[in-house]
Amino acid sequence: MAQGSRRRKVVLTAGSEGWSPSSGPDMEELLRSVERDLNIDARQLALAPGGTHVVALVSTRWLASLRERRLGPCPRAEGLGEAEVRTLLQRSVQRLPPGWTRVEVHGLRKRRLSYPLGGGVPFEEGSCSPETLTRFMQEVAAQNYRNLWRHAYHTYGQPYSHSTAPSALPALDSIRQALQRVYGCTFLPVGESIPCLSNVRDGPCPSRGSPACPSLLRAEALLESPEMLYVVHPYVQFSLHDVVTFSPAKLTNSQAKVLFLLFRVLRAMDACHRQGLACGALSLHHIAVDEKLCSELRLDLSAYEMPSEDENQEGSEEKNGTGIKSEKEGEGRTECPTCQKELRGLVLDWVHGRISNFHYLMQLNRLAGRRQGDPNYHPVLPWVVDFTTPYGRFRDLRKSKFRLNKGDKQLDFTYEMTRQAFVAGGAGSGEPPHVPHHISDVLSDITYYVYKARRTPRSVLCGHVRAQWEPHEYPATMERMQTWTPDECIPEFYTDPSIFCSIHPDMPDLDVPAWCSSNQEFVAAHRALLESWEVSQDLHHWIDLTFGYKLQGKEAVKEKNVCLHLVDAHTHLTSYGVVQLFDQPHPQRLAGSPALAPEPPLIPRLLVQPIREATGQEDISGQLINGAGRLVVEATPCETGWTRDRPGTGEDDLEQATEALDSISLPGKAGDQPGSSSSQASPGLLSFSAPSGSRPGRRSKAAGLDPGEGEEGKIVLPEGFSPIQALEELEKVGNFLAKGLGSQLEEPEKPHAQPPVHLQSLFHRDMQVLGVLLAEMVFATRVRILQPDAPLWVRFEAVRGLCIRHSKDIPVSLQPVLDTLLQLSGPKSPMVSKKGKLDPLFEYRPVSQGLPPPSPAQLLSPFSSVVPFPPYFPALHKFILLYQARRVEDEVQGRELAFALWQQLGAVLNDITPEGLEILLPFVLSLMSEEHTAVYTAWYLFEPVAKALGPKNANKYLLKPLIGAYESPCRLHGRFYLYTDCFVAQLVVRLGLQAFLTHLLPHVLQVLAGVEASQEEGKGLVGTTEDEESELPVSGPGSCAFGEEIQMDGQPAASSGLGLPDYRSGVSFHDQADLPDTEDFQAGLYVAESPQPQEAEAVSLGQLSDKSSTSEASQGEERGGDDGGAPADKNSVKSGDSSQDLKQSEGSEEEEEEEGCVVLEEDQEDEVTGTSELTLSDTMLSMETVVAPGDGRDREEEEEPLTEQTEGKEQKILLDTACKMVRWLSAKLGPTVASRHVARNLLRLLTSCYVGPTRQQFTVSSDDTPPLNAGNIYQKRPVLGDIVSGPVLSCLLHIAYLYGEPVLTYQYLPYISYLVAPGSNSNPSRLNSRKEAGLLAAVTLTQKIIVYLSDTTLMDILPRISHEVLLPVLGFLTSFVTGFPSGAQARTVLCVKTISLIALICLRIGQEMVQQHLSEPVATFFQVFSHLHELRQQDLPLDPKGCTEGQLPEATFSDGQRRPVDPTLLEELQKVFTLEMAYTIYVPFSCLLGDIIRKIIPNHELVGELAGLYLESMSPSSRNPASMEPTMASAGPEWDPQSGSCLQDDGHSGTFGSVLVGNRIQIPDSQPQSPGPLGSLSGVGSSGGLSNRNEDNALKRELPRSAHGLSGNWLAYWQYEIGVSQQDAHFHFHQIRLQSFPGHTGAVKCVAALSSEDFFLSGSKDRTVRLWPLYNYGDGTNETASRLIYAQHRKSVFYVGQLEAPQYVVSCDGAVHVWDPFTGKTLRTVDPSDSRVPLTAVAVMPAPHTSITMASSDSTLRFVDCRKPGLQHEFRLGGGLNPGLVRSLAVSPSGRSVVAGFSSGFMVLLDTRTGLVLRGWPAHEGDILQIKAVEGSVLISSSSDHSLTVWKELEQKPTHHYKSASDPIHTFDLYGSEVVTGTVANKIGVCSLLEPPSQATTKLSSENFRGTLTSLALLPTKRHLLLGSDNGIIRLLA
């Protein structure tokens, strides 16, 4: 115990002077009790900063046993030193060692609970039934009746009544029972064995785990000892006080967040009151919050303790008499009683010199919340001298230490650079903004540890300062320390001599300056310098910089003191930062003003002549306090930044003047006053320090006077003498106190009697406490002047005064509740009547405004108007409770939770506002970022949440977690949900097509390349992390690592590569322009009819173009696959959670037809194959089915090495679903977009399939067959990468099926050429791994392409294949200077693949064509054997002649050429080009080429000999190699002795009428279904684990003819588009006609494309609206029929558009129709109120809004919400003018403003939130034809005056003005920053919004467009134009 007591003493006295909690003995008693009763080592205990409870560091096992009601000794933290444990107990420290956690122990002393406690309301349970208005009114009436009766009885009846007092329980029993009911567990006896009364008296208690309210901070355990009651809580990391103090931006601009906090607090208080428990004197510290602002209430049980009279007396004596211990253990001294005073008293005491500088600064640190020993938030004091000279030179306290250290130039540079970055970043970028600032921190944790390095363990220093231990790099002297640091000083350098003494053997002690003989002397001298006159006079400037008004605003910028923490508006929670205490200039210390000195200054009657002054110095040792620093200042040149850059003070001038006066020789006075100079110079100086005496060292010499000038007798005041100085200083102090501290006079207390404590009065006190707490939250910056432990009545009076004086600062939503709780208004405002610990502050009136005194239940009632809680709060609260209650440990529970939340989400979103979404969104994002819930949350919740957010916010907040879910390295069960076509359709609709293609599609496609590729591909595709070989890496890709967000409670998690924001940084829409404020017509973001669940699944219909998995197209694909021999396909997808059941088929006949034409031909593929001479395969399996080719069982066996952690079945389902989705998406996007985005990404992915040595291993079977001898030469010999690349190749070839052969020749082949092209540098170098993989991918893809090329096409591009593909590949393969990263293995694989490719081409084109076109590649390949043979056999010497450093030696070969040779690569080449390789290539090529081999290959004899040698080594008894060719011709077993596969397997070899069988060429018989050659080919699978996919052995296959095949204009346009850079921001119009859409019988009045760009709408004079598909057909001359016709209009339709959120169509013919584009059903019709006043213009609000704005002919603007009946708003636009009819309306992209254009050319801008007209101006001289609004508050208008004008919303002059020469621009659309215009003269123009006015105009030819142009719409992603004409035909042009 002695050791424990000593340790505890260290903890208790760790605070500096004035630093310990208010009730030291009480807290010390609590510490002792916890140590004794809970068996926790004293080292592991510490007091909480407020002194209200004890924080304990305990092991998680001990805590788990405590939860199970077993209490044993808590293990000690053996591996941690005392300093480390002390650091771990600090609030700002969040990372704890594994196996350890922190808890809070709250204690109640039983002896203080001995008073009786009167019963209030009986214990009652909350009702489960919803509250009704009738019930609410009944309860109010009954309570009013009871209260009025009781009030009357106490007033009139009780004085005359002699009835006995009602019985009351002892407070101890009442509290014990209430705690058990509230926390749902019983007390566990601890300490000495005692009879636990709770089990006897309390009756049944709830079972463990059922607390009364989830909004209460849960209790880990309730413990009872003979003397104490304990409540053990989990540690609270952040409180509401931290939010309002350090992260106020988290609550800024959102009243809903504050109200939701209040809502949860009231829920908790209501639960406590129902159980008979008061909450105590709550403060902001008692409300625990997390990053999601989910609050939990921590009760203040100490309020129940009633101190006895003796303790009261002791407490007062202690408070008034004793001080607080100093940090030094042995030194205990008293301090003045102002430690507990409010800030006003502290300021006055310091100003008047009654307390020291040190004590005052420590109190300011305490008020700012700084905590002793906290490395992140330790107290700070100023450095005052620089230690360079004896007693140092004083620093300039007008500048921060950071500024003095860094210099003004660097700070200006930092501020300017961050300011420019902030301006450049703007609101549109996703990256965290760069905020202009000068200073990052006042005292960083690194500086703190460097300061205390001598006393801090080495492990801690290595963890925080520098990982490598370098003791000599730490500053060795105080002078070096002070010079090095940019941060301020710490109190230890003023108080603790031990800080200089090192505990490390290899680190010397910190040296004190040479002018001090010991550490103790330095500390005393340093402290004296802090208290010196020079420091005191300027200390107020330092306070202004560190705690005062110079921290923010213009003053901060002027003083270069803008602190990052105060201006970055961070929303992550933190428990430390920079706190501003004062917003007014701090008064200066009054150090004996000469104006009010005890003696008046001598005023001479003679004019003073110029005086020469001489100063001297004397020894000043021992007189530092009396102004020694001042003498040092005079003796030392003031040249550095440490000197003051201001003129001498009035004190200096006064001294000089008085010394001169003393030396003046007056008649009879000369020399009479030798000491007057010193006595007058310092009257009252340093009144707080040692007794002042005469200032030493001052000697003055008098100057002579001219006697003739002394007779006038003028009165001369001393220079600097100001008689009103005292008045000015008094006024400054008064202003500071009034404005900065808001102090007021105190009224004397009146004695009052102490009535008995009643529970009801405690409940009333709780409500008053709640009012105080709310007011403190509102006035957080103004109540910092209160002491942290101020009593409740002090807090109440402070906030009550603030509420009355600053009522306008109170948010409107909180004004009624504050008025009710604190009784601010009324006939007489309450004053504090009782100041007892258990007394209410004042008595509530029995009935106020018809309601009883406030209670939590009353405030929570929806029928009470006291707090305007939004209607969605209960549903939101229920949603959050469900989220918190469910513990998810596996995917099954994750799915159940996501489904349960989805069921409740509809009720939440029905009435939610943008502010409510800010509260909800972090919970959804958290679910989407956690491993077990990510997939199911995305599946269930993405659609409704993204619908409510709108596209802009959905991209901002949901994109990152979606990327994380797609990139997760773990095999998540059900992951295939994310790859279903219906889910991807939702992504396209809710994120926007362009955003989906740019940001998400690359991540979606990565699954096709396997799990490992999704990480490797990050390098080449989306820039994520490096590849990892492990199947389950510790952390996922950089964009989102599961669990990362929840492991660390502190700093925000790192952003992804896209710079997307993390939800931990807070969700706030206020800085955007896409979500409105909470006005009525935009307050809710409604969801359309909630889809009904199908088999417990969320069904969400995407949009019209979604092709369902159960559509005929998909079924046709499946049929094709099944017929082709993959029976497992359907069953595998159907197993488990099949997407077949999740989406209803909504595709119409045309959709099915357009896909069906492809499917039909795929289904007929068997017949085509059978009758073709040119194809060997009888099915198209891998290309037509999503499943990987072959039967499912074999495929799974092949993939097992890749997916050791998963079942092959899940992987198969995943790939199946993903491939189907890619096929669907490729058809949906159209040829140009599919090629630009899908095909390009797939081509990049193909390379990733071969990266790494693992992917380059041949697949082998159980026998040891060498892979080189397996099968025919042109057959595929798969490596692992071939298996992985199967789905990628399948999807690539499907795009070729859709759009035809040009995809192969114009897109794939150029990319292959790019992959194999040699590097730009001339010097040969080693390949990188990605280039190596690219070569393998290129050869593999080329082999696939060759099979599908027609004969004509193949011969046309054969020269390109030879020169751009084969020769570059052979150049790498046969190079003597280029090495492969994977060595011989990669070169061998490339060699085998290249042989197969060349052989395939040879078989396709025949011998003659080989000689004509392929002789060079074949010869080049064979030549390498000769070169190697010469180097090996003849030992050809390498010629070093002429080789300079860095050059390779060269060798001369038999052909006479000299070639460089890298000697280090010879071994690699010899491993590749072996005898076996020679045999493998020579035999088939000799058969393929016959006699031509002698002409093509000069060294064929050498290669033949090498092949013979290999044959001899394999079978020595074989025949002579010379007879090899006849041998090959006759038999064929020699081809592969092990496998038995013979060369006759070659089958049909040529495509020019000849077929090779063995080495004989013959014309084959037609054998459509003959299994002969196919059967032998299939046997290859037994030789090397090869795939038995028949199509891999095909020489030629026909591409099915698709309805979407490119030809004519479509082909020309597609060829152009794939060559255009994706970064090209300009719109190019080439007038290429792509499609026609006839159908309307009248002129087309309006055209509008849907956001997904696969359908568009048109309205016509024929009173119909038509829906058209946008899929490509034919050659540009095809005509497409409409998909749906809406014919409910009665007049000409002049407007059509789409409401994005609900996906409804809005059309107008004078009345507005809202209808469903899926069914054509009318949902709503809005007719004009007066038929004579029709609607003339319509516009829809952008997502997420569902409002429609309409203008009528009477210049009235009306808003309609399609979800609600009736009108929302009605605004008049005319304003008394007669501007004419409204011709056009446009809504800003944010939805915050709408602009109307009139027929008179007038334009009006209206704020949609307030209805106020922001601006009205005459914009044009003629009729306004069209208006559009763009991001950045830009408006574009066109008029009949031939002009197109670009405006800024609130600027008077236009930014650009375009004038059309001949015709007005009557229609236009936007493409990025360009405007595409159309005129009635059929001219299309393109002009820029950014550049000076210039316009490119194109006249539409009559061949491409007939009629007159009436309307125009642009497809921005596809870059197409839809043009409507007056003849009813719409044309698609590009």
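Cβ atoms here come from the backbone N, Cα and C positions, even for glycine.
Per Swiss-Prot, compositional bias 'Basic residues' is recorded for 1-10. The compositional bias 'Basic and acidic residues' annotation in Swiss-Prot covers 316-334, 1589-1599. Sequence annotations record features per position, and here Swiss-Prot assigns compositional bias 'Low complexity' to 673-695, 1566-1580. For 1102-1114, the entry in Swiss-Prot reads compositional bias 'Polar residues'. Annotated compositional bias 'Acidic residues' per Swiss-Prot: 1147-1168, in sequence order. The domain 'BEACH' annotation in Swiss-Prot covers 335-612. The annotation region 'Necessary and sufficient for the interaction with SQSTM1' is assigned in Swiss-Prot to 1-645 on the grounds of similarity to another entry. Per Swiss-Prot, the feature region 'Disordered' maps to 1-26, 305-336, 665-717, 1018-1044, 1092-1175, 1187-1209, 1515-1544, 1562-1599. The repeat 'WD 1' feature in Swiss-Prot is assigned to 1639-1678. Per Swiss-Prot, the feature repeat 'WD 2' maps to 1685-1725. Marked as repeat 'WD 3' by Swiss-Prot: 1777-1816. The repeat 'WD 5' feature in Swiss-Prot is assigned to 1904-1934.
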**Message:** Out of 1685-1725, 1777-1816, 1904-1934, what stretch is closest in contact terms to the repeat 'WD 1' (1639-1678), meaning most Cβ pairs under 8 angstroms?
**Reply:** 1685-1725
**Request:** Just give the helix, strand and coil counts over the repeat 'WD 5' (1904-1934), going by DSSP.
**Result:** 0 helix, 17 strand, 14 coil
**Request:** Write out how many residues of the repeat 'WD 1' (1639-1678) are helix, how many strand and how many coil, based on DSSP.
**Result:** 0 helix, 17 strand, 23 coil
**Request:** Could you pull out which residues elsewhere in the chain have a CB under 8 Å from any CB of the repeat 'WD 5' (1904-1934), counting only those six or more residues past its ends?
**Result:** 993-994, 997, 1230, 1232-1233, 1613, 1617, 1627-1649, 1653, 1656, 1658, 1660, 1662, 1668, 1670, 1867-1872, 1876-1880, 1882, 1884
**Same-chain residues at least 6 beyond the ends of the repeat 'WD 2' (1685-1725) whose Cβ lies under 8 Å from its Cβ atoms** = 947-948, 950-951, 989, 1085, 1088, 1101, 1103-1104, 1146, 1639, 1642, 1645-1648, 1650-1651, 1655, 1657-1661, 1663-1667, 1734-1735, 1737-1746, 1748, 1750, 1760, 1762-1763
**Asked** Any idea what the model's mean pLDDT is for the repeat 'WD 2' (1685-1725)?
**Response** 93
**Prompt:** DSSP says what for the repeat 'WD 2' (1685-1725): how many helix, strand, coil residues?
**Reply:** 0 helix, 20 strand, 21 coil
**Request:** Count the residues of the repeat 'WD 3' (1777-1816) that DSSP assigns to helix (H, G, I), to strand (E, B) and to coil, and report the three numbers in that order.
**Result:** 0 helix, 22 strand, 18 coil
